[in-house]
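J.: Feature list, courtesy of Swiss-Prot:
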DOMAIN    7-235  domain 'ThyX'
BINDING   GLU94, LEU95, VAL96, ARG97, GLN105, LEU106, SER107, GLN108, ARG109, ARG174, ARG201  dUMP binding site
BINDING   ARG97, HIS98, ARG99, GLN105, ASN190, TYR191, ARG192, HIS196  FAD binding site
MOTIF     97-107  motif 'ThyX motif'
ACT_SITE  ARG201  active site, involved in ionization of N3 of dUMP, leading to its activation
Amino acid sequence: MAKVSELDVQLIAATAFHAPQGVDWEVDEGASESEALVEFAGRACYESFDKPNPRTASNQAYLHHILEVGHDALLEHATATLYIRGLSRSASHELVRHRHFSFSQLSQRFVHSEEAEVVLPKFIAEDEQLTRLTLQAADEARFVYEELLDALESKLEEEPNALLRKKQARQAARAVLPNLTESRIVVTGNYRAWRHFIGARATEQADTEMRQLAVTCLKLLREQSPVLFDDFHITTLADGTEMASSPYA
């Protein structure tokens with residue numbers, strides 16, 4: 001029986017900020033490096049390192065002002081990289097439509113799908129009979145995949161390059177793998193792009209799996225740079241899932 005995978009998202013890299021020499025400006029204690037960089041970039045536009053406006057003197061107040069007035073281009077200077085596992089292949093195709101991100105995704109051409117897990121949609125996972133039926137379909141697809149793989153490798157046996165032979169066989173056989181096959185992907189984006197993704201995909205109208213991913217990303221990014229994401233409000237829907245919204249997204 002196919003093994004079910006659960007969503008797992010980890011922050012693996014984020015912006016490091018090094019204040020330049022010769023600039024009379026100090027980073028607020030407690031500000032993340034991403035938050036410090038965004039503030040520095042904004043103050044660099046106007047040479048306001050002396051913080052002349054008391055209403056935006058602190059890092060938190062300055063960044064909140066940036067979001068309020070829509071000067072979010074400054075957020076493009078800070079980036080975060082997340083490693084996502086337990087995402088269905090179908091959901092990954094929605095994710096890669098966000099073209100301001102950079103992606104490195106698990107290759108079905110090079111990696112044998114023998115051990116690949118599956119991701120069940122919420123409404124299927126909640127029903128024992130539907131779960132059994134879906135896992136049965138996944139097992140049958142895996143069986144056909146293995147049969148095709150063996151047949152294709154035999155068909156390509158005259159190819160002297162073993163690596164090329166396996167790659168050609170897998171790239172053809174993967175056509176029968178279902179959309180619920182788990183994918184793994186590294187995603188890097190600037191904070192403006194992450195905010196756009198969360199604003200678009202954490203809504204009640206979004207696909208359930210994508211909404212779960214967006215809310216999970218929000219929670220991680222808010223831990224890393226709380227001021228840049230604390231305008232998002234997370235609420236629980238009637239079905240027990242979560243959504244997020246912001247007046248600025």
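Note: Cβ is positioned from N, Cα and C throughout, glycine not excepted.
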J.: Can you grab the distance from ARG109 (dUMP binding site) over to HIS196 (FAD binding site)? Cα atoms, rounded to a whole Å.
T.: 31
J.: Name the residue among the binding-site residues HIS98, ARG201 whose Cβ has the smallest number of other Cβ atoms within 10 Å.
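T.: Each of the binding-site residues HIS98, ARG201 was scored; lowest Cβ tally within 10 Å is HIS98.
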J.: Whose Cβ, among the binding-site residues ARG97, ARG99, ARG192, has more other Cβ atoms within 10 Å than any of the rest?
T.: ARG192
J.: When you rank GLU94, SER107, ARG201 by Cα distance to ARG192 (FAD binding site), which of the binding-site residues ends up on top as the closest?
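T.: Sorting the binding-site residues by distance from ARG192 (FAD binding site), the top entry is ARG201.
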J.: Going along the chain, which residues six or more apart from HIS196 (FAD binding site) have their CB under 8 A from its CB?
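T.: The answer is HIS98, HIS100, ALA249.
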J.: If you average per-residue pLDDT over the domain 'ThyX' (7-235), what number do you get?
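T.: Averaged over the domain 'ThyX' (7-235), the predicted model reaches a pLDDT of 96.
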J.: Could you round the CA separation between ARG99 (FAD binding site) and SER107 (dUMP binding site) to a whole angstrom and send it over?
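T.: ARG99 (FAD binding site) to SER107 (dUMP binding site), Cα-Cα distance: 19 Å.
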J.: If you compare CA-to-CA distances from GLN105 (dUMP binding site) to each of the binding-site residues ARG97, ASN190, TYR191, which comes out shortest?
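T.: Considering only the listed binding-site residues, the nearest one is ARG97.
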J.: List the helix, strand and coil residue totals of the motif 'ThyX motif' (97-107) as derived from DSSP.
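T.: Residue counts in helix, strand and coil order: 0 helix, 4 strand, 7 coil.
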J.: Are there residues of the same chain, six or more positions away from ASN190 (FAD binding site), whose CB falls under 8 angstroms from its CB, and which are they?
T.: LEU75, GLU76, HIS77, ALA78, THR79, HIS100
J.: What residues, ordered by sequence, lie under 8 A Cβ-to-Cβ from SER107 (dUMP binding site) and sit at least six positions away in the same chain?
T.: none
J.: For GLU94 (dUMP binding site), what is the secondary structure state per DSSP, taken as helix, strand or coil?
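T.: DSSP call for GLU94 (dUMP binding site): helix.
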J.: Determine, from DSSP, whether HIS196 (FAD binding site) sits in helix, strand or coil.
T.: helix
